[in-house]
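Per Swiss-Prot, signal peptide is recorded for 1-22. Per Swiss-Prot, the feature topological domain 'Extracellular' maps to 23-241, 277-298, 485-496; the stated evidence is similarity to another entry. As annotated by Swiss-Prot, N-linked glycosylation site applies to N46, N163. The disulfide bond annotation in Swiss-Prot covers C150-C164, C214-C215 and rests on similarity to another entry. Residues or ranges marked as transmembrane segment in Swiss-Prot (evidence: similarity to another entry): 242-257, 260-276, 299-317, 466-484. Taken from Swiss-Prot, the feature Na(+) binding site covers E262, and the record attributes it to similarity to another entry. Sequence annotations record features per position, and here Swiss-Prot assigns topological domain 'Cytoplasmic' to 318-465 based on similarity to another entry.
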Amino acid sequence: MQSIHALLLTAAVCILFQGCGGSEPEHRLYAALFKNYNQFVRPVKNASDPVIIQFEVSMSQLVKVDEVNQIMETNLWLKHIWNDYKLRWNPVDYGGAEFIRVPSGQIWKPDIVLYNNAVGDFQVDDKTKALLKYTGDVTWIPPAIFKSSCKIDVTYFPFDYQNCTMKFGSWSYDKAKIDLVLIGSTMNLKDYWESGEWAIIKAPGYKHDIKYNCCEEIYTDITYSLYIRRLPLFYTINMIIPCLLISFLTVLVFYLPSDCGEKVTLCISVLLSLTVFLLVITETIPSTSLVIPLIGEYLLFTMIFVTLSIVITVFVLNVHYRTPKTHTMPVWVRTIFLNLLPRIMFMTRPTSDEENNQKPKPFYTSEFSNLNCFNSSEIKCCKDGFVCQDMACSCCQYQRMKFSDFSGNLTRSSSSESVDPLFSFSVLSPEMRDAIESVKYIAENMKMQNEAKEIQDDWKYVAMVIDRIFLWVFILVCILGTAGLFLQPLMTGDDM
């Protein structure tokens, strides 16, 4: 047992010394480089020479865009390359080692910060290591999560484009001490992780030399302009399409007949559904008072649309149920709504001639137009004084017999001249005259009822014409309003 322990201990010691022997050149190199190294002094031989910093930003992820607080959160990799003459060596003296990785906190680094940082540290963390090359070139690529200030314009939300800038530069050194050189002309997007809400259109970079009011020196900065476009699919499905459907239901209110009694009910139901929908999506819309978002304008447009439909529906129902006892139809209403507008909108109304042609001809002539079935128990068998086709109807048989006998009496008592109506009426019996007078009274009442019904039908037709007018008006307003609102961002996007 003791021999086994001795064997294991010997193997561990051998492995340890072997590892130390393999890293011994790197250990000597590290000790030689930082023996007299001062990390607070710029790595230049001449104090008047600037340190050339090659700088590039790589976008890893666009985390979030906060429209309310005007903040863009990004995950970036900042690439710094410069030359430090104090960190040079001959690879031959150190086992051929050409590269060495050292903690970035032990070497001099440029203090590159994000000028328009909104939250958190302005400078990146130095916990990552830097790569040193035997020629003195230092490559340092620290990752960082920045929350930069960005002026968000939500006018065309959810079809909006944003331009967010990120300004990097040295906070302490002017151009005479540190000169920045941009690597490439755009932000590096090779390792970019696609966002589910935003798409990056382009991200050009620019170098600026600016003289600030506080100082006489010129400071160099590198600014990236990030042009991003919101992906509107989520908002289209969950916000815009429901609003379009609600607007379509509002249009159908004017196609619903007034007699069904459900026009106002449908209007109120549509308004309630829109109100509930607005409460649900309130948190989705950017809550800002600077501008009204496009989707907010459309929701407001739909709300006014539905409210106006309720007002018009109440007016149409008021017109629909008017009677001669309560309202007199003006001449201009009859001219415009019964004659002019129906022809313009291709509305056809059955005329009185067509209705009369569909009725059967009466059995009585002009001289006996007031004859009718005067038996109250049998008057239910016939309609409007016309002979029915049922030969067993006693009422119609009686009318035929009376008409035949009366015609015979008139023929026998008449001469070659035409029959005098007064004589014709005088030969009737008193009972017959009373019956005829009663029938006259009934006929006059029926005529008055028919005239009143015609006026009521005219009011109903006026209400139908008004409904048809607003049906087309609301269809046009819905189409033009929707197209006008949502074509604006498309035309703006083409200019970018």
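Even glycines carry a Cβ here, placed using N, Cα and C.
Location within the structure of each feature annotated in Swiss-Prot.
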residue	record	DSSP class
N46	N-linked glycosylation site	coil
C150	disulfide bond	coil
N163	N-linked glycosylation site	strand
C214	disulfide bond	coil
E262	Na(+) binding site	coil
Candidate recorded positions N46, C150, C215, E262, pick with smallest Cα gap to N163 (N-linked glycosylation site): C150
Which of N46, N163, all glycosylation sites, has a Cβ with the fewest other Cβ atoms inside 10 Å: N46
Distant-in-sequence Cβ neighbours of C215 (disulfide bond), under 8 Å, six or more positions away: D174
Cβ packing number for C214 (disulfide bond), 10 Å threshold: 7
Cα-Cα distance linking C150 (disulfide bond) and N46 (N-linked glycosylation site), given in Å to the nearest integer: 40
Separation of alpha carbons, C150 (disulfide bond) and C214 (disulfide bond) (Å): 24
Long-range Cβ neighbours of the topological domain 'Extracellular' (277-298) (under 8 Å; 6 or more residues past either end): 67-68, 152-160, 235, 238-240, 242-243, 246, 482, 485-486, 488-489
Other CB atoms within 10 A, centred on C164 (disulfide bond): 22
For E262 (Na(+) binding site), nearby residues of its own chain (Cβ under 8 Å, 6 or more apart in sequence): L256
Neighbourhood of C150 (disulfide bond) by C-beta distance under 8 A, where only residues 6 or more apart in the same chain count: V65, Q70, I71, M72, Q162, C164, T165
